[in-house]
Amino acid sequence: MAFRLKLVPEKTNFDFFRWQWATFGAAIVMMIASVILPLVIGLNFGIDFKGGTTIRTESTTAIDVGVYRAALEPLELGDVIISEVRDPSFREDQHVAMIRIQMQEDGQGAEGQGAQGQELVNKVETALTAVDPALKITSFESVGPKVSGELVWTAVWSLLAATVVIMFYIWVRFEWQFALGAVVALVHDVLLTVGLFAVLQLKFDLTTVAALLTITGYSINDTVVVFDRLRENLIKYKTMPLRDVMNLSVNETLSRTVMTGMTTLLALVPMLIWGGDVIRGFVFAMVWGVFTGTYSSVYVAKNIVLFIGLDRNKEKKDPSDKFFSNGAQDGAP
């Protein structure tokens with residue numbers, strides 16, 4: 001006998017429009033707040049966006065990240081990230097670590113020029129050899145403010161490019177009203193994540209940008225499922241009011257939406273608890289993104305489409321249907 005876990009019944013009849021203005025209004029308010037908060041409070045940019053120095057160390061003894069971190073704390077270097085590098089090509093007694101240190105206030109340290117850059121490396125080497133005499137610094141490099149500024153703009157353009165591509169896909173797959181609803185939902189998810197990072201002053205670096213891109217993919221996947229069912233129901237229930245068709249479509253896909261979110265959280269929560277500092281920012285953003293993505297799929301995207309309206313009297317067979325037909329039209333009454 002097969003065991004099936006059901007968090008939500010297959011057939012539900014919730015009225016997702018009952019508190020329409022409250023749920024949609026809350027989303028708009030949070031989006032506006034998420035734009036203002038980073039400007040007022042500021043984001044806690046990581047080394048990728050502030051600039052800093054990366055030091056590569058090598059030792060014949062096993063690496064203890066906690067011991068390394070404790071040894072560097074008296075130096076008061078600010079943001080320090082220590083990670084062990086593993087590679088099958090390494091010898092059995094070859095242990096490599098990467099140490100990333102934020103740009104110091106007393107000097108740029110860019111490209112390791114001058115006494116200041118070398119002084120930083122010497123301080124780190126002295127502190128670490130005290131706890132691991134076999135340790136050697138094999139290389140180091142620095143990222144200056146100019147390069148880190150370019151990384152910020154690259155991150156922004158990558159998010160904008162992803163949004164444009166997704167909007168084009170939804171436009172071709174469905175209609176422009178659906179594309180606009182999906183993009184507003186994506187912007188909602190990204191802005192709320194950035195706003196939360198500003199409020200909590202969590203480290204915002206390239207891994208966070210990767211999480212934002214992943215959130216957009218997760219969110220659009222949820223939204224497309226709802227929109228696809230909505231399109232099928234619009235053909236099936238031609239005389240039903242648009243609001244009722246939308247509510248029916250959300251109810252019919254609710255079980256899938258909840259199960260997808262729960263299974264994703266089952267993988268993310270253990271990583272958030274035991275994954276360590278290196279990936280904690282990425283995982284935290286993803287956990288938050290699961291909730292915002294689910295909320296936007298249910299309460300944001302459909303409200304945009306409802307507000308704009310759909311022309312249900314036009315001919316259903318668009319050119320796009322030739323490429324993306326799922327057979328729903330053939331079996332529709």
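Positions of Cβ are set from backbone N, Cα and C atoms, glycine also.
Copied from Swiss-Prot, the annotated features are:
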type: TRANSMEM; residues: 27-47; note: transmembrane segment
type: TRANSMEM; residues: 152-172; note: transmembrane segment
type: TRANSMEM; residues: 180-200; note: transmembrane segment
type: TRANSMEM; residues: 207-227; note: transmembrane segment
type: TRANSMEM; residues: 253-275; note: transmembrane segment
type: TRANSMEM; residues: 285-307; note: transmembrane segment
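Distant neighbours of the transmembrane segment (180-200): 27, 30-31, 33-35, 37-38, 41-44, 159, 163, 166-167, 170, 208, 211-212, 215-216, 219-220, 223-224, 227, 285, 288-289, 292-293, 296-297, 300-305, 308; these residues of the same chain sit at least 6 beyond its ends, with a Cβ under 8 Å from one of its Cβ atoms. For the transmembrane segment (152-172), the residues of the chain that approach it from at least six positions outside its boundaries are 45, 49, 178-180, 182-183, 186-187, 190, 206, 209, 212-213, 216, 220, 224, 227, 320, 323-324, judged by C-beta separation under 8 angstroms. Below 8 angstroms of C-beta separation, residues 79, 81, 100-103, 143, 152, 187-188, 191-192, 194-199, 201-206, 208, 281, 295-296, 299-300 of the same chain, each at least six residues beyond the ends of the transmembrane segment (27-47), sit close to that stretch.
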